[in-house]
Amino acid sequence: MELHILEHRVRVLSLARPGLWLYTHPLIKLLFLPSRSRCKFFSLTETPEDYTLMVDEEGFKELPPSEFLQVAEATWLVMNVSHSGSVVQAAGVTKIARSVIAPLAEHHVSVLMLSTYQTDFILVREQDLSVVIHTLAREFQIYREVGGEPVPVTGDDSSNGFPQAQHGPSPTVHPIQSPQNRFCVLTLDPETLPAVATTLIDVLFYSHSVPKEAASGGPESTSIPFFAFSLIEGYISIVMDAETQKKFPSDLLLTSSSGELWRMVRIGGQPLGFDECGIVAQIAGPLAAVDVSAYYISTFNFDHALVPEDEISCVIDILQRRQEGLASKDP
């Protein structure tokens, strides 16, 4: 397997909802006018709390500082895994759980995940790159993009100066929730983006109501606003709930032949921050053990895993039992 360290240097930001009006123009430019920006990595995710932005340095320049914009300190590098030179197409954070996610957690490397229709991006802090390479060099052929070309990276076999894998105190047990939304993971031909621009602007900037399908019901029958759009190296990926999808022309949105729907597992009771290690591993590991596919989207405050709709009960049961097991080990 190959691990590719891409050229993007990404900043992670939180845009408060009351400040959205201030950023409408630069966001529309990044969304719909990529030819007028040199930004090659753009991701915008709406959650109940805020909007999370992941943008490269060129995109970051488009966003003026304000009291509404919170910027994480670190610069993040972007990686993905490929087999025989082609990026893995399956919904696959679980496919890299053992080979990438778990080893990095054991070496205390904090990661963010951004799964898209096309691939799974792994984000690590720039300052952690040497540890990442050292940790994964035995498992992967590692390449770093320079000027658009992959250049082999050789890992130093010596362990001097690098932290050893540790199985110390049990990780923090973060609560999980499962909103009732049913989600679609879609793509769109960039040439047809203008045809959905009006609808996309309405959904992102003006529509914040709870989807109808779960507006009624018991206390557990709740939905959340969640919409993720990414435009990365010319490829578009969209995650939206099934109710929102009805607003878009059905002939322009592309999905897998199965048309599978996904349910969400939301991780975190309080904002997770960026320093804790192993959060993704806590979810990806148990799902990999039972071979459940998952998309995974990290945001500024919380993490989100999407699993096949017919697997949600099994997944919740597995994760809750794991949490109970960890909690019982605490003194």
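Cβ coordinates come from backbone N, Cα and C, glycine included.
Residues or ranges marked as L-arginine binding site in Swiss-Prot (evidence: similarity to another entry): Ser110, Val111, Gly273, Ile279, Val280, Thr299, Phe300, Asn301, Phe302, Asp303. Close to Ser110 (L-arginine binding site) in the fold, though at least 6 residues off in sequence, lie Val124, Arg125, Asp128, Phe274, Asp275, Glu276, Cys277, each with a CB less than 8 Å from its CB. In the three-state DSSP assignment, the secondary structure recorded for Ser110 (L-arginine binding site) is coil.
Under the heading compositional bias 'Polar residues', Swiss-Prot lists 156-174.
Per Swiss-Prot, the feature domain 'ACT 1' maps to 72-139.
According to Swiss-Prot, the feature domain 'ACT 2' maps to 262-322. Helix, strand and coil counts under DSSP for the domain 'ACT 2' (262-322) come to 25 helix, 17 strand, 19 coil.
Long-range Cβ neighbours of Ser14 (phosphoserine) (same chain, at least 6 residues apart, Cβ-Cβ under 8 Å): Asp50, Tyr51, Thr52, Leu53, Leu69, Gln70, Phe300, Asn301. Taken from Swiss-Prot, the feature phosphoserine applies to Ser14.
Residues or ranges marked as region 'Disordered' by Swiss-Prot: 155-174.
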What count of other C-beta atoms do you get within 10 angstroms of the C-beta of Val280 (L-arginine binding site), across all chains shown?
26
Which whole-number mean pLDDT does the model give the domain 'ACT 1' (72-139)?
86
Give me the count of other Cβ atoms within 10 A of the Cβ belonging to Phe300 (L-arginine binding site).
24
